[in-house]
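Quick look at what TrEMBL annotates:
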TRANSMEM  20-40  transmembrane segment
DOMAIN    27-479  domain 'Major facilitator superfamily (MFS) profile'
TRANSMEM  83-105  transmembrane segment
TRANSMEM  112-132  transmembrane segment
TRANSMEM  138-159  transmembrane segment
TRANSMEM  171-194  transmembrane segment
TRANSMEM  200-223  transmembrane segment
TRANSMEM  285-309  transmembrane segment
TRANSMEM  321-343  transmembrane segment
TRANSMEM  350-374  transmembrane segment
TRANSMEM  386-407  transmembrane segment
TRANSMEM  428-448  transmembrane segment
TRANSMEM  454-475  transmembrane segment
């Protein structure tokens, strides 16, 4: 599909030699497993908070509301401040740790960030599995958040740097794929653990996070470093050998020189954070802030995170609501494969725009369906079966639209557009903004559901409309462009060209190239 609005970018320019080697494929699959810890957590939290034994032990007031002792209003049964702190403390911790992770990722490499992430997630999972008091739950969640901040900072960068540019989209989406697999596995486990006699299944659900944590911890120990990261830390000879191994060809001279030149240019930057504010980085900063902001305001985390809660709120029984969450989780995984297939074929913009239209229509339908039955007082009486099927069906189509557009591309596009000199800092902003708004949405969602009722879906539909316009007018196509050549997409863009000074960008690279030739 051509890019809409005449903003497609020609694929003229450099083509580095290189193949999709088994070595790179395996490496990227192992690294992408970093998404499992994030996905598992999103899936587990919503399921555990709809388990009665868990609510009775830690959140008795929610349990009483749920059973109709204190309210019959379905919209408001989960409106509890402590429950919200339990779920959203994680995102605040992830926000803080991603800022620290930027320095670690830049100075010590992508692998060490992944290792830190895995270890902290492991400890958090242990504390949660053995929790007896609410403070233990919240401490565990904060450690999980620290782990997620480190992993989400380093994994997308690692994947974008390792992958040959022609396959960068598909390999990077491996990260989102493992997030969706994490969500699905968590949903399935919740479904079975909730059936355990004695009501201690929630401990297995929370403690089970140790498994994805071990995968990323061990993975980070065996993975090779990226050539970009080795050059950045001054190890050029090893980096060249690594690049030959990664690309599967001996002739990597041109790409290697460009990486070195980009690294030289980045070494001239003493303060990457301050640098981000320069005019020439305006497009990068805009994307680093608005893409994750919009990704959260699609309303997806609300749907996935609280799917069991949402389904039990619209009248499904506990078992059925966990089952519905498994169904949406499965749709999520399958639709992400569409993105892996299409992202380097159809381009980023086509997927973003199609997904936006699909989500917008579904949110309008779900708002109408819930509004018609629940009205304003949130007491629907007995719900017919066909009604529940319609709501789940449209939520599934919505999830599919997200899973092949904003889900994977929200991580892919920011990780591939930043020049090396600001890459770690800009990726930190990307993760921080993502976590900040995940935190805010998680904080206020249950209160909004209680007060805005079905209008909540209209609220998110409005944002989907706005973000689709933003993509249409402001995001250039980045398909098939080598990562160190990305500067040219901004120069050829009708709006951003005025911010990116042509001479400045080219001069920096050329000077650095001259310097490397003379070494």
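Using N, Cα and C of the backbone, Cβ positions are placed for all residues, glycine too.
A quick note: this is a predicted structure, and the numbers were derived from the prediction, not measured.
Touching of the transmembrane segment (200-223) and the transmembrane segment (171-194) is concluded from the presence of at least three CB pairs under 8 A, sequence neighbours closer than 6 excluded. Same-chain residues lying 6 or more positions outside the transmembrane segment (138-159) and placing a CB less than 8 Å from one of its CB atoms are 28, 31-32, 34-35, 37-38, 41, 85-87, 89-98, 100-102, 104-105, 110-111, 113-114, 116-128, 131, 168, 171-172, 174-175, 206, 209, 213, 216, 223, 226, 411-412, 414-415, 423-424, 427-428, 431, 434-435.
Tallying C-beta pairs under 8 angstroms between the transmembrane segment (20-40) and each of 112-132, 321-343, 386-407, 428-448, 454-475 places 112-132 first.
Using the rule of three or more Cβ pairs under 8 Å, pairs at least 6 apart in sequence, the transmembrane segment (428-448) is not in contact with the transmembrane segment (171-194). Within the same chain, residues 176, 179-180, 294-295, 298, 300, 303-304, 307, 311, 314-316, 320, 324, 327-328, 331-336, 338-339, 342, 351-359, 362-363, 365-366, 369-370, 373, 467 sit at least 6 positions outside the transmembrane segment (386-407) and bring their C-beta atoms closer than 8 Å to a C-beta of that stretch.
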